Amino acid sequence: MTRQNQKVAVIIVAAGAGRRMGETSVPKQYHMLGGVPVLSRTIKTFLDAPTIDQVLPIISAEHQHLFDALNLQSAKLLSPTYGGAERQASVLNGLQTLANSNHAPDIVLIHDAARPFVSANLIAATIDAAAQFGGALPALQVTDTLKQASAEQMVTHTPDRTTHYLAQTPQAFRFKDILDAHQKAATADNLFTDDASIAEWADLPVKIVPGEPNNFKITIAEDFKRAEMALTTPMETRVGTGFDVHAFEPGDHVTLGGIQIPHSAKLKGHSDADVALHTITDALYGAMADGDIGQHFPPSEMEWHQADSAIFLEHAVSRLQQRGGRLVHLDLTLICEAPKIGPHCQPMRERIAQIADVSISRVSVKATTTEQLGFTGRKEGIAAQAAVTIEVPVKD
């Protein structure tokens, strides 16, 4: 199922009192951010998104005067619905409002009002995933080591971080499915912290799509400082290129773009010799002026012998995110006579997007030959080149 010709609505949850903001008479969603209320910024993003047909704010009845002062006007904007005692009840009120309207949506997004930096690309990605899988959750993969502790703050366990994600919004679902799940959760008197948790409880599928570092939630006063910096810090676009070559040696498969492809030989190298991931990694380091793969992972160190090259790309992406940057696009070209790359381009795109923590729409993989010229033409190995585009804060 695709989202073509499907009606899409978003519920913006803005009924909270913002207790964690400290002593303040104005809830955080009505605080000024760069001279504009946070809620205005959030709502306007969805009003401007071509993928959204309806925007339904959920507010507190006590805040009606604050909402009216926003003076928002759009044919997409529905009159606000009042929230309940908890976030879950507020969302259910919104879902029931949409269900009782003349044109209930096919897909609904549920978004925190205090996430004003959500992008149009992320909105579209969650809608696409919800249309295909039934539910979608934008999330960032955990990069720090996780620790589980006892009530006495003693470490008891170290979870596998590769399977853990930090959830964001908007979370998107097929409307009828999430409405039914919310109604059942309310009847069962179960409280959940987000809508994806309700979907899980109701055995609904939820697909993770790559979240965005800037799509953070304003929860405490310090978050406003970060938000102000996000507004005022200018960004610059950089381009990096990478090139790598690996020769063949006896074997039964090659590893390219994070996947294994059957072949009469394998690639020779200190790690798994994934020439595709090596090239992309070097391009990222180059765009950041951050050395190259050999400096970060010296081939003289046995720690990296036969290592999964995904580790290298994850490191480069983490370095980019630590700088407040993001990967805009990457374009990879593989150069070889064999194996045939065409049938494997899509799986490679999917795996690279997963490793790089970006939408697949930002990943291009293609192949060419040298018309039987040179070492690749003689089927002695594979070459790869990549160009990446990134955005990073201007530091000088």
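Placement of Cβ uses the backbone N, Cα and C atoms for every residue, glycine included.
Look at TrEMBL and you will find 1-237 tagged as region '2-C-methyl-D-erythritol 4-phosphate cytidylyltransferase'.
TrEMBL lists Arg20 (among others) with the feature site 'Transition state stabilizer'.
Here TrEMBL flags Lys28 (among others) as site 'Transition state stabilizer'. Within 10 Å of the Cβ of Lys28 (site 'Transition state stabilizer') there are 27 other Cβ atoms, across all protein chains.
The number of other CB atoms found within 10 A of the CB of Arg161 (site 'Positions MEP for the nucleophilic attack'), across every protein chain shown, is 13. Arg161 (site 'Positions MEP for the nucleophilic attack') falls within a helical segment according to DSSP. Taken from TrEMBL, the feature site 'Positions MEP for the nucleophilic attack' covers Arg161 (among others).
The feature site 'Positions MEP for the nucleophilic attack' is assigned by TrEMBL to Lys217 (among others). The Cβ of Lys217 (site 'Positions MEP for the nucleophilic attack') lies under 8 Å from the Cβ of Asp112, Ala114, Arg115, Gln168, Asp223, each on the same chain and at least six residues away in sequence.
Averaged across the region '2-C-methyl-D-erythritol 2,4-cyclodiphosphate synthase' (238-396), the predicted model reaches a pLDDT of 94. The region '2-C-methyl-D-erythritol 2,4-cyclodiphosphate synthase' annotation in TrEMBL covers 238-396.
Look at TrEMBL and you will find 238-390 tagged as domain '2-C-methyl-D-erythritol 2,4-cyclodiphosphate synthase'.
Around His246 (4-CDP-2-C-methyl-D-erythritol 2-phosphate binding site), a 10 Å sphere centred on its CB holds 21 further CB atoms from the protein chains shown. In the three-state DSSP scheme, His246 (4-CDP-2-C-methyl-D-erythritol 2-phosphate binding site) falls into the strand class. Annotation source TrEMBL lists 4-CDP-2-C-methyl-D-erythritol 2-phosphate binding site at Asp244, Val245, His246, His270, Ser271, Asp292, Ile293, Gly294, Thr368, Thr369, Thr370, Glu371, Phe375, Arg378.
Taken from TrEMBL, the feature divalent metal cation binding site applies to Asp244, His246, His278.
Look at TrEMBL and you will find His270 (among others) tagged as site 'Transition state stabilizer'. Look at His270 (site 'Transition state stabilizer'): DSSP puts it in coil. All chains included, 16 other C-beta atoms sit within 10 angstroms of the C-beta of His270 (site 'Transition state stabilizer').
In sequence order, Ile335, Cys336, Glu337, Thr376, Gly377 constitute the residues six or more apart from Thr369 (site 'Transition state stabilizer') in its chain with CB-CB distances below 8 Å. When secondary structure is read from DSSP and collapsed to three states, Thr369 (site 'Transition state stabilizer') falls in the coil class. TrEMBL lists Thr369 (among others) with the feature site 'Transition state stabilizer'.
Around Phe375 (4-CDP-2-C-methyl-D-erythritol 2-phosphate binding site), the same-chain residues at least 6 positions away in sequence with a Cβ under 8 Å from its Cβ are Val245, Ala247, Gly381. Shown in sequence order, Val245, Leu267, Gly269, Ala273, Asp274, Val275, Ala276, Thr279, Ile382, Ala384 are the same-chain residues outside Asp244, His246, His278 whose Cβ sits within 8 Å of the Cβ centre of the divalent metal cation site.
It is 12 Å from the Cα atom of His270 (site 'Transition state stabilizer') to that of His278 (divalent metal cation binding site).
Checked against Lys28 (site 'Transition state stabilizer'), the recorded positions Arg161, Asp244, His246, His278 differ in C-alpha distance, with Arg161 being the nearest. Considering other CB atoms within 10 Å as the measure, the emptiest surroundings among the binding-site residues Ser271, Thr370 are those of Thr370.
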